[in-house]
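See below for the structure under consideration.
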Amino acid sequence: MFLGRLADSPKGGRKLVLLMGLAGSFVGCVAFGFITNFKQALALRILEGFVNGNVATVRTMVSEVVVEKRFQPHAFLLLPISFNVAAMASPLMAGQLADLPGKYPDKFGNNAFLKAWPYAPPALVSGFIMLLAFFAVFFFLEETLEPLKHRFDPGLAVTKKVRSVIFRVRTSTDDPISPGDATDEEMSRMLDQDPESSERESEEHIESFKTAKAPKVLPTRRIFTRNLCYTLLAYAIQEYHITTYNTLWTSFLSDPVDNENQTKLPFFFSGGAGMKPDQIMWSLFMVGVLGLPTQLLIYPRVNRRLGTLKMWRTFMLGMPLLYLVVPYIAAMPSSTPPPAGKTGFPVWFLIISVQMMMVGTSTFVVPAQLVLTNLSSPHPSALARTHSSAFLLSGLVRSATSAIAGVLYSYGSTHNITGLAWWVAGAFAVLGCWNSRIVKEGNGHEIWLTGDVE
């Protein structure tokens, strides 16, 4: 919330918060390759969390850059697309760069630095990427907070100067009007003008400008309107069941197949699919293969046809069914007997079907949730705090969900009900469907302050 207030304040701004977050991420990424114990890792995570409000700030800036409401669903779709691309590329990069002496002993086996710090290369590359992002924001990104749009920006000023030198284009600030450029009437007016009255008029103009531009900021205590609270509740519910899926999917597929005949369908069975890492990798790869085309080609058409709120409510209805079906992968007949991992057409048919359901629901629900959260902000001056509240709530729910889902899954596995954690997630998804009927599509300006202009 502190970073959200700073991003909404004329004393800070969106760009400052972004730069703080990128600087903290740079330090954290580089230092992570040189830690030697858990306490150091925890301290780095706390440091990054304290200064990093980039997710909420980027969402805020996207909504301010893309002003027209009909284009916002497409703009917010770019965020999960970027995440998916990074999520696919990052493991490949880290896997190739980590432990180089162990992978390539002929080339790096005698390198003392790499042997002492085997995870330094991916950390340094990540830090370099963060540094590039920092300079890109500093030199090229414009401030979007209304009171600060016309404030002097040293990064943009340097970029403008360099561009003018390279392309030999004189900027308006470097191109003063010469006497020859003015008309006779203008020259006469300038020569006849009284210096004292000119100075007085200038001071009055500046004073009136300051008064007119004084920003109206909604107090934090008034932010949490009824619709925003229901929208944040929907956000928390969504984070719980989606985090449960992401947390348990690989564990469930890798857990050994139950070789004891204790299955009593439809609810009592245990074990997992007993799959190897390469098989699990293919199941994860399917999410990217199915997700990107769906996001790029299908999502925009569906959104235009249904609208954000109706699309969100409609596709959310598929999530309870998804969590109901997932655990039955462990109960599907396999072409190989236990304790070998499950194989065969029925098993992979259900896995592919489940992943298609996950992509087919989350691709539409997650971006729509971001748009609705953005529109639920009660005032433009509270936009960053709204996204910061959602991001803070998301982080808390994700942290708690990982522990809760793990406990439920462990309990269910030992009590012959391996679907327990999945079905609890399904119950939360049902609650989310009910809550979605209460959420309304806001306009981002539910509360009007004195001086607000339509």
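Note: Cβ is positioned from N, Cα and C throughout, glycine not excepted.
What TrEMBL says about a protein is an automatic prediction, not a curated fact.
Here the structure is a predicted model, which means the values were calculated and not measured.
As recorded in TrEMBL:
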type	residues	note
COMPBIAS	186-208	compositional bias 'Basic and acidic residues'
DOMAIN	1-444	domain 'Major facilitator superfamily (MFS) profile'
REGION	173-208	region 'Disordered'
TRANSMEM	16-35	transmembrane segment
TRANSMEM	76-98	transmembrane segment
TRANSMEM	118-141	transmembrane segment
TRANSMEM	223-242	transmembrane segment
TRANSMEM	280-299	transmembrane segment
TRANSMEM	311-330	transmembrane segment
TRANSMEM	345-368	transmembrane segment
TRANSMEM	389-411	transmembrane segment
TRANSMEM	417-434	transmembrane segment
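For the transmembrane segment (223-242), the partner stretch with the highest count of Cβ pairs under 8 angstroms, out of 16-35, 280-299, 311-330, 389-411, is 389-411.
On the 0 to 100 pLDDT scale, the domain 'Major facilitator superfamily (MFS) profile' (1-444) averages 82 in this prediction. The stretches the transmembrane segment (311-330) and the transmembrane segment (118-141) do not meet in space: the count of Cβ pairs below 8 angstroms, excluding pairs fewer than 6 apart in sequence, stays at fewer than three.
Here the transmembrane segment (16-35) does not touch the transmembrane segment (389-411). Their Cβ atoms form fewer than 3 pairs under 8 Å, with each pair 6 or more residues apart. A Cβ distance under 8 Å defines the sequence-distant neighbours of the transmembrane segment (389-411), meaning residues of its chain 6+ beyond its ends; these are 1, 4, 49, 53, 55-56, 223-224, 232, 235-236, 239-240, 243-244, 247-248, 251-252, 373, 418, 420-421, 424-425.
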